[in-house]
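Visitor: Take a look at this one; I'll ask things after.
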């Protein structure tokens, strides 16, 4: 019973990591190494988030025991006339219901932290570079991955080398294994803190503002029109890039025949293409005099193909999700004027019976048209208060007397009254909110537009690996920063307090005074300047002036993009509507034809309609009609046949085995050698 909550937290972290990986990734398609690595990275990061509050409560209890021990020693000194100082009374310490021994946390943090660091700095970067390499052998891919990471890690090792030389030459300081390990972990955490503050400076303002704006239906719909207009440009560029690659592959395929030494490498590139792109390539006329390629040019083409297919898949996934969101927002706007208060979809989709019972159209109308906007406004107010508390605590956490940090005051007050449940709750909420703010911002940065997490199994392997890397790099620094906010890091507040097991494993940068006494304390204060710049939308205005159009309200170009997006949605809606009407007519014809044939066979007895009926017994006119009597066709098949893939909804609610669409990630990222 002592470790019940500890075990529950560990299991909950695994369930959460596995659920998110199943929702965003495709376990049936992704390589097993990618799945295991990403699951481990997410799981260990969630373990830190879930168990750190338990480490805090256990440390508060041990601190109470140590204080009582000090008071008892002082009382014995007074009794023995050694000291005349009056001592406060001993208050019995209450053991928290979530108490875990220090040795358990020490061993756990050591395994979790160093495994995460190996994943984020060594294994996953190599996997990412390996998957993007265009070589055709394992040796060539590993060489390209090493070269790709050599510049980045070379600069990192150069900085570490300079620091080690500085420490070695510093008088009175000796280097040993423990200090070198502390330098490595502190250098990684300092890098993570730098990135964390930059991300928080944007997200602490943008998260509440987005929630508030989402409560305004007209604003959300207008902004969605603007986004899909910009996304249309990205989608066209991605399709043009793929067309150029198809032209190159068509020429190379004509030059490299089955007996050519490079034929198997060309086939490797061609097999990366989805079926429809492959058919489009083979239908193109070959050039008159194709030139034979070299191995180096094939490697470069292979690398470009992988990247182009990845970008195309990302843009088409975003395109489908954006269309579904806009269709829903337009449904909400039109249903607000309905008098019967029953929500009606322009494109109705079949729903499970349980969902129809628990979420009927009347309840859906009240939620979407009335209650949801108040819920979002309430969440915006709550997150706004949380953001103000985080910014204030970041600016004042180094001040010990008086205690100005909001979270430090809460933890200290709860510890004095032994309210361990409050400590666990507030710690979990604050860490989760900081984690969401930091990580949700990473995927919105335009420079990182190559990566995108899409639900319904639409996320490719590159984005999954990138997410695992960023989670492992941000989580340790974020948790150390949180411990500073609640005054449980003695090397920050310069007062002797008992530290958590997590802090002891992370180590401190005491050997470098400029980082221990400068960067780690004063750099988090810059978050207020970043929040102010985000609140005034300075970044969006600067990007607009530089030619990168942002949503800035009444700007003329913004208005033009909104109008363009509205026309795009109208066109896509007409495509979907015509496809549904055609499908409906085909189904009606199928039902009438089946009924007519059944009645004819029953009345005349001319044809045997049993299971042994052969195709030879079917009349010619009936065989001619049978290709159109396709009751098994789905709406996606109809839209694909009539209008192409751009009108296909890319969201799949469950794994249906249809993995040959252009909207799916390219196959064989690790098994093409």
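Along the chain as shown, residues are numbered 1 onward.
For all residues, glycine too, the Cβ spot is worked out from N, Cα and C.
In case it helps, TrEMBL gives these features for our protein:
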COMPBIAS  653-662  compositional bias 'Basic and acidic residues'
REGION    650-673  region 'Disordered'
TRANSMEM  6-25  transmembrane segment
TRANSMEM  32-52  transmembrane segment
TRANSMEM  150-169  transmembrane segment
TRANSMEM  189-207  transmembrane segment
TRANSMEM  374-398  transmembrane segment
TRANSMEM  418-443  transmembrane segment
TRANSMEM  464-486  transmembrane segment
TRANSMEM  519-538  transmembrane segment
Visitor: Quick check: do the transmembrane segment (464-486) and the transmembrane segment (32-52) share at least 3 Cβ pairs under 8 Å, counting only pairs 6+ apart in sequence?
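Guide: As far as Cβ distances go (cut-off 8 Å, pairs 6 or more apart), the transmembrane segment (464-486) and the transmembrane segment (32-52) touch.
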Visitor: Is it true that the transmembrane segment (374-398) and the transmembrane segment (32-52) have 3 or more CB pairs under 8 Å, sequence gap of 6 or more?
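Guide: Checked: the transmembrane segment (374-398) vs the transmembrane segment (32-52), no contact.
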Visitor: Please identify the stretch among 150-169, 418-443, 519-538 with the greatest number of Cβ pairs below 8 Å relative to the transmembrane segment (32-52).
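Guide: When the Cβ pairs under 8 Å are tallied, 418-443 comes out ahead.
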Visitor: For the transmembrane segment (519-538), give me same-chain residues lying six or more residues beyond its boundaries with a C-beta closer than 8 angstroms to one of its C-beta atoms, as numbers and ranges.
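Guide: Distant contacts of the transmembrane segment (519-538): 190, 193-194, 197-198, 200-202, 204-206, 387, 391, 394-395, 397-398, 481, 484, 492, 509, 552.
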